[in-house]
């Protein structure tokens with residue numbers, strides 16, 4: 001049986017281990033057909049997470065925030081207040097069973113969301129995530145992507161910088177990329193609320209992934 005995608009928004013920061021446990025439980029339920037697919041919008045307390053490709057040398061300041069190893073793809077990233085995390089739990093068996101297409105769709109979702117704020121988000125070959133051209137040869141990352149797939153059910157997802165403390169990224173080499181920086185919507189001179197961003201994410205999701 002196919003259910004419509006459920007949307008969940010957490011108003012308070014969610015501890016990382018709690019979020020992982022909740023995703024694990026939901027993935028099993030989606031696979032069993034007892035729960036609908038889920039998009040979970042939340043923020044975390046300040047932390048660093050290490051993906052399966054993380055290089056320990058990229059953890060510059062290991063004592064700054066808690067560090068969690070996780071099974072998602074990618075390297076080190078930062079999560080914290082002011083960053084909208086969207087955990088996306090979808091059943092790819094009924095969505096084409098193509099992980100590469102799924103990641104491209106996450107990128108497209110972010111690009112369309114940023115366009116709602118008149119920001120041109122761009123892909124970069126060989127670099128997962130969404131980037132903003134700052135001019136003069138400078139480009140900064142505004143959104144990260146890290147996914148895991150179990151029995152064709154996705155979890156983890158995306159992290160869009162709305163108004164985080166960008167200095168918190170200094171404790172790592174984000175995604176192992178030393179030559180580029182990070183930015184946020186507020187750093188670009190925009191002032192959307194988290195509710196504004198959530199509305200944009202919810203409006204553009206069906207454009208990319210289809211209506212329920």
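In case you wondered, yes, glycine gets a Cβ from its N, Cα and C as well.
Keep in mind it's a predicted model, so treat the numbers as computed, not measured.
Copied over from Swiss-Prot, here are the features:
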{"type": "DOMAIN", "residues": "33-212", "note": "domain 'BPL/LPL catalytic'"}
{"type": "BINDING", "residues": "72, 73, 74, 75, 76, 77, 78, 79, 144, 145, 146, 157, 158, 159", "note": "substrate binding site"}
{"type": "SITE", "residues": "141", "note": "site 'Lowers pKa of active site Cys'"}
{"type": "ACT_SITE", "residues": "175", "note": "active site, acyl-thioester intermediate"}
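Features recorded in Swiss-Prot, as mapped to the structure shown.
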residue: 72; record: substrate binding site; DSSP class: coil
residue: 78; record: substrate binding site; DSSP class: strand
residue: 141; record: site 'Lowers pKa of active site Cys'; DSSP class: strand
residue: 146; record: substrate binding site; DSSP class: strand
residue: 158; record: substrate binding site; DSSP class: strand
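Sparsest Cβ environment among the binding-site residues 144, 158 (other Cβ atoms counted within 10 Å): 158.
Here the domain 'BPL/LPL catalytic' (33-212) has a mean pLDDT of 93 out of 100. Ranking the recorded positions 72, 141 by C-beta neighbours within 10 Å puts 141 at the top. If you compare every pair of Cα atoms in 72, 73, 74, 75, 76, 77, 78, 79, 144, 145, 146, 157, 158, 159, the residues listed for substrate, the longest distance is 15 angstrom. With respect to their backbone Cα atoms, residue 158 (substrate binding site) and residue 141 (site 'Lowers pKa of active site Cys') stand 12 Å from each other.
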